Amino acid sequence: MNKRSLFKNYLTHKYFFVMLLPVLVYYAIFHYAPMYGVLIAFQDYQFLKGVWGSPWVGLDNFRDLFGGLYFGQVLRNTLLINFYKLIFGFTAPILLAVLINEVSVKWFKKSVQTISYLPHFLSWVVLAGMVIEFLSPSRGPINMLLTWLGADAVFFMSEPGWFRSILVSTDIWRNIGFSSIIYLAAIAGINPEMYEASEVDGISRIQKIWYVTIPSIAPVIVIMLILNSGSIINDDFEQVFNLLNAKVMDVGEVLSTYTYTEGLLKMNYSYAAAVGLFKNVVALVLVLSANYIASRFSDDTIF
Amino acid sequence: MRHRRTTSDTVFLVFVYAFLGALSLASLLPLMQAITISLSPPEVVNSYGFHLIPTRFDFAGFERVIHYDTIWTAYGNTIVRTLLGTAITLVMTFLGAYPLSKRTLPNRKLWTGIVVLTMFFSGGMIPAYLLIKNIGIMNSIWALVLPGAVSAFMLLIVRNFIMALPESLEESAKIDGANDIVILFRIVLPLSLPIIATVGLYAGVGHWNAWFDSMIYIQDERKQVLQMILRKILLEGQDVSAESGSGVHAQAVNSETVKMAALVVSVLPILFVYPFLQKYFVKGTLMGSVKG
């Protein structure tokens, strides 16, 4: 198509393009301009001079980053926490969906679903407030049970040994119900003849789950795993930031909270931008490679 | 036709019901505890600790919260933000999705690509912060409603939804002499109501619960949103009585009661609308997941 006819084409569909234009402007300003701002990771950015005037320092910020003692610890925390979240947080909703599917009493099924979705709709500020109260050494039910049994109360929130487990379990608590929706939908799509045929063969309920349900929803599981693969380095800022306190910093500080303290509190813009860029690039590579690997084994990819 | 249950199946079913029951209870317990504490007098909170049903009712905590002006200003800010932000998101998402659903749009692939790319790469926290600072919307509501106005993911879901509408409807309207604008308002929009509701719900809940942008972009306390004030009370342990100033009253009410009362006040709107909205969320989530 030559330039003239393309122009004409736009003219014929001018209403469509006029509609699209504000959205494109929005993306240019709020998504592409910050991508350009990534350049400051290679600068010694000074706010008054801007991206145009600040001196270039090449890879200095990245050298500081990888050479720094603290960064290694933060990276380790991020990977560990998210690895556990991926193992437990990813399988939990699948398990829940499979179990809900076994329930034939309608009101019970509905109540379980409604109740388990609820925490997903509350903010991490609210949830953190509830978690801290729930785990309180004097008023929380767990500690009351412990003291009743004669054990010492545990200061869950300020005990480094417990902090990661709290992050992982509260993450599951918040998301298990809502994430199970997609698996429930997949299970609903299974051909009933498969179950009937297996019943003729006389297999038990557990065998049915293992040999019919799970294999049938495997494609959905693969897609969700691809979508989640970037999460091993993309931590949940809102959750960690609201639960973090000075006593558990060593085991709890993750890349995004580190970016926040370094960049916005200490105003090391360039250094923090380098941390952010590192995280985003790793996440991008992870998602693309997970997708590539999946495409080698099956048709279930996202693009 | 159901086959007879074996013993192992029965044992398994008992386990399923017990497990799901326990899980539901675990989902609710922390919320119930918060509500109970908010309604209890401090002596009960301190001496008995955890209990599900309030043994004695005391609304002192709520009274304190009600007289705390900052919460109401923040409540107002959150409501304004939620309404304005959701409206902007709905209009913008639709403005983007509708043309992109049209095969006749010139360079359609390019424009879609520009939107999709943002799902996989972003500048990150610091460049975004500097951008807001540079374009001068710091400390205003625009810094809260504009940056996240259109999500690429939602836009694609709406686009796919519109594409799935039968084309013959639009064609026959054209034959009847309707122009693009009439088609949009008389045919496409009414048919898209379910997906518009979904996007609106997600945006609305997102705005109601947001606090981080308010924390970094808003310096003026009178412009802060509710979650941010709640964060100060709940997690940073700021004393609410600083406002009322009277030390006598401050000692009379246990701060845990006040904290939980503030928490309950902030989640009340969600708790009220949640039972009605839940099924739309579920539907919307499924609509988005049909196609990758």
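Just so you know, glycine gets a Cβ as well, placed from its N, Cα and C.
TrEMBL: automatically predicted annotations, no manual curation.
What TrEMBL records for A:12-33 (among others) is transmembrane segment. Residues of the same chain that lie 6 or more positions beyond the ends of the transmembrane segment (A:12-33) place no CB under 8 Å from a CB of it.
The domain 'ABC transmembrane type-1' annotation in TrEMBL covers A:75-290.
Cβ atoms under 8 Å from those of the transmembrane segment (A:83-105) belong to residues 112-113, 116, 164, 167-168, 171-172, 175-177, 179-180, 183-184, 186-187, 205, 209, 213-214, 217, 221, 224-225, 228, 231-232 of the same chain, restricted to positions at least 6 beyond its ends. Annotation source TrEMBL lists transmembrane segment at A:83-105 (among others).
Positions annotated as transmembrane segment by TrEMBL: A:117-136 (among others).
Per TrEMBL, the feature transmembrane segment maps to A:172-190 (among others).
Marked as transmembrane segment by TrEMBL: A:210-233 (among others).
The transmembrane segment feature in TrEMBL is assigned to A:269-294 (among others). Outside the transmembrane segment (A:269-294), and at least 6 residues removed from its termini, the chain residues within Cβ reach (under 8 Å) are 37-38, 40-45, 47, 54, 57, 61-62, 64-65, 71, 222, 225-227, 229-230, 232-234, 255-256, 258-260, 262-263, 300-303.
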